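A.B. asks: Sharing the features that Swiss-Prot gives for it:
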ACT_SITE  His38  active site
ACT_SITE  Glu56  active site, proton acceptor
ACT_SITE  His90  active site, proton donor
DISULFID  Cys2-Cys10  disulfide bond
DISULFID  Cys6-Cys101  disulfide bond
Amino acid sequence: ACAATCGTVCYTSSAISSAQAAGYNLYSTNDDVSNYPHEYHNYEGFDFPVSGTYYEFPILKSGKVYTGSSPGADRVIFNDDDELAGVITHTGASGNNFVACT
């Protein structure tokens, strides 16, 4: 089952967890790959279920964990306590904005 759908891409909860874990591991060791994860400022004003400083990390439709190069359109958002805030995408958004995955 899809835990999040970004455009036509279905993400399982395990795929989301894997992306979040990889992103948070880099964040917690003050490391990054191709400038990810980086702080996500929520200019779009999403009503996330957790608070804190947010970070974005790519989630890939291939199911692989992001290790650099093209990040694609989709991002997992987590906070500095490693709590999942949501999954968002550039797909269907104008310019460099994001919309929520459903």
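Glycine too: its Cβ is placed from the backbone N, Cα and C atoms.
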A.B. asks: Work through the recorded positions one by one (Cys2, Cys6, Cys10, His38) and name whichever has its CA nearest to the CA of His90 (active site, proton donor).
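C.D. replies: So, of the listed recorded positions, the one sitting closest to His90 (active site, proton donor) is Cys6.
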A.B. asks: Rounded to the nearest Å, what's the C-alpha distance separating Glu56 (active site, proton acceptor) and the residue listed as 'active site'? Just drop the number here, would you?
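C.D. replies: That comes out at 6 Å between the alpha carbons.
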A.B. asks: Tell me which of the active-site residues His38, His90 sits in the most Cβ-dense spot, judged by other Cβ atoms within 10 Å.
C.D. replies: His90
A.B. asks: Measuring Cα to Cα, how far is Cys6 (disulfide bond) from His38 (active site) in Å?
C.D. replies: 20
A.B. asks: If I restrict to non-local contacts, at least six residues apart, and a C-beta distance under 8 angstroms, what lies near Cys101 (disulfide bond) in its own chain?
C.D. replies: Ala4, Thr5, Cys6, Tyr11, Asp74, Gly86, Val87, Ile88, Thr89
A.B. asks: Are there any residues at least 6 positions away along the chain from Cys2 (disulfide bond) with a Cβ closer than 8 Å to its Cβ? List them or say none.
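C.D. replies: The list for Cys2 (disulfide bond) reads Cys10, Tyr11, Thr12, given in order along the sequence.
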